[in-house]
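J.: Before we start, here is the structure in question, set down as structure tokens.
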Amino acid sequence: MCGICGYIDEKLSLETTTEMVAMMKHRGPDHQEARNYPRNDCSLGHARLSIIDLSDAANQPMEYAGLAIVFNGEVYNFKDIRHELEKCGHHFLLDSDTEVILHAYKEWGDKCVDKFVGMFAFAILDTASNELTLFRDRAGVKPLYYYVKDGVFLFASELKAFYKYPAFVKSLDHHAAALYFKYGYVPAPYAIFKNTFKLRAGHILKYNISDRTFRITKYWDVLDYYQQPRLDISYETAKEEMERILRSAFNYRMISDVPVGIFLSGGYDSTGLAAILQADRTERLKTFTIGFPTGTNEAPAAREIAALLGTEHTEYICTEKECKEIIPELPFFFDEPFADNSAVPTILVSRVAGEKVKVALSADGGDETFAGYNRYAGLASVMKYMRLLKGLRGNGMSHVVNTLTEALARPYSFLHEKGETLAAILRTPQAFRTAVATEGGSYSTLAKSVYGELLRLPYPIPVFMPDERMFGDAISVAMAMDYINYMADDILVKVDRAAMSVSLESREPLIDHRIIEFAARLPLNYKFKDGVQKRIYRDIVYKYIPKRMLDRPKTGFMMPVDGWLRSDLKYLIEEHINDRALDMEIFNATNVLKIKDLFYDSKLGHENKVIWRLLMFQMWKEKNM
């Protein structure tokens with residue numbers, strides 16, 4: 001994993017590019033380099049974390065046949081592609097996936113990306129055609145920002161690299177800010193500054209240097225697989241094929257010239273990952289878990305799993321002090337406002353793993369792929385009640401509507417927050433599916449009424465607009481949208497920035513595109529049946545781990561953040577959420593301060609998250625504006 005950056009401008013400065021690279025040294029501490037290409041008005045920079053082919057010859061920018069590349073990520077099947085290219089007459093000097101990408105692009109052009117199994121964000125300068133092409137992996141594991149204004153084009157792995165470019169203007173994009181307050185993150189393609197964007201997952205941006213124009217094309221979309229007819233195969237056959245794909249995906253992620261470990265929580269996803277990998281090798285895997293002295297603690301379950309599998313297990317019990325000390329640092333790690341507080345334990349487990357390994361496997365993506373979130377079960381219940389409501393007439397329906405109306409009117413209640421979705425239930429199945437689709441990750445969406453009280457910004461229209469391909473069952477719609485949006489712009493951002501804060505490469509085995517391409521075409525009841533979530537994945541894991549060790553409530557990392565913000569960390573709220581600090585163009589300060597008092601008095605209920613969202617925005621703004 002690395003940091004990449006570059007720009008197109010008539011005025012090239014190697015010093016500027018070097019400073020941009022230095023802003024991302026945490027992404028690549030092993031080597032930093034910048035290079036200008038004056039004939040193409042282009043400068044490229046790279047910060048390297050050496051993982052595959054540790055030789056200096058594999059440093060970047062790397063050049064071949066009029067091409068130059070800066071690359072962040074891994075192409076795990078590079079040896080297979082290299083063998084194919086050798087048959088086409090290509091000759092290789094290194095044992096590097098970067099060199100393979102260059103040759104693949106020379107041979108197949110943009111289509112080369114279809115052959116890659118991996119995680120990546122890279123830029124290739126073609127000096128002959130005078131074009132710069134950016135690629136981002138199918139799921140968005142690796143970040144890639146770009147800025148375009150007045151003939152200047154910038155790109156980088158992290159926004160903070162842009163700060164060192166003289167022409168970059170830090171002007172807050174109010175629409176992006178509105179999206180942040182709605183969702184708790186800024187969804188692609190938007191970014192928090194004006195004229196700045198994220199390249200969407202599965203997309204290619206081609207910039208014509210001669211006329212300063214660009215076009216963006218899509219090369220992969222998970223919806224293409226959800227819209228295909230469901231596979232007509234038995235459950236047992238599906239399970240065998242899924243296990244084969246999982247084994248291939250998991251073992252690919254072990255390819256490395258440096259030590260590799262696994263984040264082990266004791267849940268199904270990470271346990272399945274560790275179990276399958278340990279079964280395939282005699283050497284003991286390195287696994288890592290953190291726990292907490294109070295509250296939710298997954299450490300005992302992970303310890304039991306590790307003992308059964310025989311891994312070399314490291315367990316670290318974090319103190320409240322360590323957790324609290326990270327919170328003021330979050331605005332540096334996350335270049336945009338980011339309100340997922342599980343970033344704190346993710347940073348902590350990355351620090352623990354980083355002391356022993358340079359690569360860690362993280363089992364994200366299982367919930368979005370195999371229907372693991374509890375809200376999917378909730379959607380199933382809603383669909384059941386929709387069928388019952390169809391049978392109500394007259395007084396029966398009136399009673400339901402009146403009851404819902406009363407519940408929706410209670411400020412800061414869960415039903416109040418979900419009012420629009422619940423109202424859609426009473427209309428048509430299509431309206432309900434639309435509500436589900438347009439609110440991808442809706443479990444974190446801020447209620448429109450609460451939003452209106454706090455902010456002077458217009459309530460943003462849904463970013464995640466559905467199309468005709470998405471109108472299958474509501475659970476599949478929700479899974480697809482979570483994969484595209486919540487997973488890419490929350491989960492993967494969290495893991496990438498947390499791991500990179502300690503120069504640790506994080507890899508995502510469950511987000512191998514071959515897994516979702518197969519899972520999306522399976523009948524829904526192979527993934528969710530009779531209230532059982534992740535059915536097919538669970539049954540695969542049960543081959544390796546006794547059912548009794550895994551059948552327990554889903555927990556995750558839970559910290560008593562609300563309590564901290566009312567006690568030891570109250571100073572952060574007082575420092576950042578006050579009438580002097582609040583931007584009057586963005587906030588209704590009077591109502592914000594009222595919300596703060598309600599939080600202190602524990603009267604916000606389900607909307608406690610609004611305080612954390614406000615705090616993270618204010619802290620980010622002070623650090624980055």
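Placement of Cβ uses the backbone N, Cα and C atoms for every residue, glycine included.
These came from TrEMBL, pasted as-is:
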- CYS2: active site, for GATase activity (ACT_SITE)
- ASP97: L-glutamine binding site (BINDING)
- ILE290: ATP binding site (BINDING)
- 2-210: domain 'Glutamine amidotransferase type-2' (DOMAIN)
- ASP364: site 'Important for beta-aspartyl-AMP intermediate formation' (SITE)
J.: When the Cα of ASP364 (site 'Important for beta-aspartyl-AMP intermediate formation') is compared with the Cα of each of the recorded positions CYS2, ASP97, ILE290, which one is closest?
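T.: That would be ILE290, nearest by Cα distance.
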J.: At the Cα level, what's the spacing in Å between CYS2 (active site, for GATase activity) and ILE290 (ATP binding site), rounded?
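T.: One finds 26 Å between the Cα atoms of these residues.
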J.: Between ILE290 (ATP binding site) and the residue listed as 'L-glutamine binding site', find the distance joining the two CA atoms and give it rounded to the nearest Å.
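T.: A Cα-Cα distance of 33 Å.
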J.: Give the helix, strand or coil assignment DSSP yields for ASP97 (L-glutamine binding site).
T.: helix
J.: Counting across all protein chains present, how many other Cβ atoms fall within 10 Å of the Cβ of the residue listed as 'ATP binding site'?
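T.: Neighbour count, Cβ to Cβ under the 10 Å cut-off: 26.
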J.: Does DSSP give the residue listed as 'ATP binding site' helix, strand or coil?
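T.: In the DSSP reduction, the residue listed as 'ATP binding site' maps to strand.
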J.: Averaged over the domain 'Glutamine amidotransferase type-2' (2-210), what pLDDT does the prediction give?
T.: 98
J.: Residues with Cβ closer than 8 Å to the Cβ of ASP97 (L-glutamine binding site), same chain and 6+ apart in sequence?
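T.: Those within reach of ASP97 (L-glutamine binding site), by Cβ under 8 Å and sequence separation of 6 or more, are ILE52, ASP53, PHE71, GLU74, VAL75, TYR76, PHE78, GLY118.
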J.: Check the recorded positions CYS2, ASP364 for other C-beta atoms within 10 angstroms of each C-beta and report the one with the most.
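T.: Highest number of other Cβ atoms within 10 Å: CYS2.
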